[in-house]
Amino acid sequence: MSPKLFHLRERHADARTSRTLLLLAKAVQNVGNMDTPASRAKEVWMEPLQPTVRQGVAQLKDFITKLVDIEEKEELDLQRTLSLQAPPVKEGPLFIHRTKGKGPLTSSSFKKLYFSLTTEALSFAKTPSSKKSALLKLASVRAAEKVEEKSFGSSNVMQVIYTDDAGRPQTAYLQCKCVNELNQWLSALRKVSINNTGLLGSYHPGVFRGDKWSCCHQKDKTDRGCDKTGSRVTLQEWNDPLDHDLEAQLIYQHLLGVEAALRITINKDTKVPNACLFTINKEDHTLGNIIKSQLLKDPQVLFAGYKVPHPLEHKIIIRVQTTPDYSPQEAFTNAITDLISELSLLEERFRVAIKDKQEGIE
């Protein structure tokens, strides 16, 4: 730190000023070097400044750490924003009643709101253009089922069973305008929550009124339920999806979600040469159609088809026949690998499109 050297003044500073500038230069150098043993000043006259230097080093390290944390937080916030900006899977007006306290449950207690379901949350607003508030996160959903008509004296009512932030079970009762809307909402809710942990195997189709359930008259409010859930029973939509990117994202997330838990049983087909039967548990027509279509893209696959043994059995059996020099196991593995790769690319395109749209709005 020499003012004359950098043409800040015509003459050198006096001895005291020069000594002060030298001390400052050494201190800044030590702080900038993070006070490593190799970079510490060996001059005896710098010893009194060492406590201050070490304090400055600690503050500098803390500042750098905060800078990195801010960047990571901004990136996470951006990802969260892009996720929340995803197009809705299903939306429309519903009547809501959430159970609170011990008051009677009647049809008059339902309130009309506009609901929007995405892959992240079920939200509501007073009107389609109003600001939305999240009713529940999709990861917290445990079941989506119909409610008996006698429970409220109204038809087309469904219940969404979920856990709140404290892990306590809650139920939201939603009434649809017609039976078609009811089935569509149930199907949409089940599709986006199909990979959730802790899905219920049973539920109460009635409500807990007074001191017992209206459906089975059990007096224990925490009873597991008197009827089986249909978490994997969804509408089979054979038409092309209106939003291909959104459908691809849902399928890709589903495949990633079941990848670790997927258990496939392979049996040799004794009736057909060079063919195998692949049994996949806990899956239905949706995955069966996708894998079949992917297999048929392979020119060495002579036949690919699937069947669901029984409507109540949640499994599919896929038959694959290949050319003699190509095993069905290899064809099946390649089909699954290619499918995940293609869907991964589609999901990336989907996220880029959402990001571009968000930047255009801003």
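Yeah, the Cβs are placed from backbone N, Cα and C, and that goes for glycine too.
Heads up, TrEMBL stuff is auto-annotated, nobody curated it.
Sequence annotations record features per position, and here TrEMBL assigns domain 'Ras-GAP' to 1-33. Per-residue pLDDT, averaged over the domain 'Ras-GAP' (1-33), rounds to 75.
As annotated by TrEMBL, domain 'PH' applies to 87-194.
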Helix, strand and coil residues within the domain 'PH' (87-194) as assigned by DSSP: 24 helix, 46 strand, 38 coil
